[in-house]
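As written in Swiss-Prot, here are the features:
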type	residues	note
ACT_SITE	GLU92	active site, proton acceptor
ACT_SITE	CYS342	active site, S-methylcysteine intermediate
BINDING	CYS119, CYS123, CYS126	[4Fe-4S] cluster binding site
BINDING	GLY169, GLU170, SER201, SER224, LEU225, HIS226, ASN300	S-adenosyl-L-methionine binding site
DISULFID	CYS112-CYS342	disulfide bond
DOMAIN	105-337	domain 'Radical SAM core'
Amino acid sequence: MTDLYRLLPEEMEKLVIDMGYDRYRADQILLPLYYKFPKDINDIPQLPKKLREEFTEAGYTIGSAKEIHRVVSDDGDTTKLLLELSDGSSVETVLMQYEPTKIGGHPRSTICVSTQIGCAMGCVFCATGQMGFETNLKAEHIVSQVIHFAELLEQRGEHVTNLVFMGMGEPMANYDEMIRAVKILTHDRGFGLGQRHITISTIGITSGIEKLAEENLQIGLAISLHAPNNELRKKLVPTAGPNSVEDIIKSGRDYFKKTGRRVTFEYALMEGVNDSPEIAHELARLLRGNGSHVNIIPINPTAGDFKRPSEKNVLEFEQILRKSGVNCTVRVEKGTEISAACGQLRTDIVG
């Protein structure tokens with residue numbers, strides 16, 4: 001069985017030609033596939049019946065995701081779904097909606113997709129990391145998460161504007177499937193999302209960052225740093241591997257030089273762990289002057305023992321970075337009360 005959401009447009013075109021049909025038949029499949037959301041090949045009536053039958057006989061399917069559970073935040077801006085994928089596995093995906101800023105802009109509908117079920121990185125403050133690793137997701141299963149939310153938004157006259165690979169799992173540990181999904185979702189004959197509207201987050205797998213830099217894509221990169229030195233980082237990310245903090249920062253700089261895209265360093269701020277003024281100054285010395293940006297994330301509640309810093313400590317940490325010449329922001333919180341925020345995803349049904 002082959003899921004049509006796995007195929008790049010050029011692969012779809014080759015398929016129909018090899019089956020003896022004109023190349024335009026590929027677009028007759030691709031257009032409804034990404035904009036009409038069919039559940040079966042027979043839901044595409046503009047295709048000849050014979051072609052639909054041949055697709056079915058050859059084992060081609062449309063693997064849409066099935067919603068198992070939905071939780072919506074009190075303000076209605078965040079929706080978390082537990083989805084059953086076409087292979088029977090389950091994964092969490094989140095939609096975050098943002099109003100236009102006071103200085104302009106447009107409403108944003110950002111989907112946070114998962115690339116794995118569980119995660120092997122073992123970050124001690126992350127609910128997904130505490131699940132352990134189960135399996136990698138195929139490209140079609142990553143794409144189907146986006147398609148499911150795209151269909152929900154379309155019913156409200158809205159559309160997907162942004163995509164972040166910040167859900168369950170480490171994208172760089174599933175590189176080939178992740179990048180195939182990116183290419184499908186950004187292809188002008190596929191889902192058609194602009195490359196600059198996508199951000200991939202990584203714990204700092206430098207080999208993956210180097211490969212991504214060579215893809216000639218204009219996508220954003222976010223690196224989860226969480227500590228300015230190797231000793232502290234090893235405690236927070238026990239499976240960080242051979243990549244030192246210095247290696248990770250260098251890979252971010254190299255990515256910026258290669259792509260021209262600013263790199264964001266994610267920093268989960270934890271009371272009494274990595275939020276002291278001394279650590280803020282240490283972080284500033286590492287990052288100042290390299291064009292990077294720090295996204296400060298006051299830790300979200302999980303089953304662990306880590307506590308969220310006081311607003312005073314968060315502000316002080318931010319001010320130290322700013323006064324040292326490091327661009328930074330404190331992340332706008334979305335979905336914390338429904339366990340849909342950073343570091344909270346797992347496949348339990350709660351609420």
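Cβ coordinates come from backbone N, Cα and C, glycine included.
A quick note: this is a predicted structure, and the numbers were derived from the prediction, not measured.
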DSSP output for CYS119 ([4Fe-4S] cluster binding site) maps to coil
So which recorded positions out of CYS112, CYS119, SER224, ASN300 end up within 10 angstroms of GLU92 (active site, proton acceptor), measuring C-alpha to C-alpha? CYS112
Using Cβ-Cβ distances, find the residues under 8 Å from GLU170 (S-adenosyl-L-methionine binding site) that belong to the same chain and are at least 6 apart in sequence, listing them in sequence order. THR115, GLN116, CYS119, ALA120, MET121, THR202, ILE203, ILE205
Site extent for S-adenosyl-L-methionine, whole Å (max Cα pair distance, GLY169, GLU170, SER201, SER224, LEU225, HIS226, ASN300): 19
Among the binding-site residues listed here (CYS123, LEU225), identify the one with the smallest other-Cβ count within 10 Å. CYS123
For the C-alpha pair, I'd like the distance in angstrom between CYS126 ([4Fe-4S] cluster binding site) and ASN300 (S-adenosyl-L-methionine binding site), rounded off. 9
At a 10 Å cut-off from the C-beta of HIS226 (S-adenosyl-L-methionine binding site), count the other C-beta atoms across all protein chains. 28
CYS123 ([4Fe-4S] cluster binding site) versus LEU225 (S-adenosyl-L-methionine binding site) - Cα distance in angstrom: 11
How many other Cβ atoms are found within 10 Å of the Cβ atom of ASN300 (S-adenosyl-L-methionine binding site), counting all protein chains shown? 21
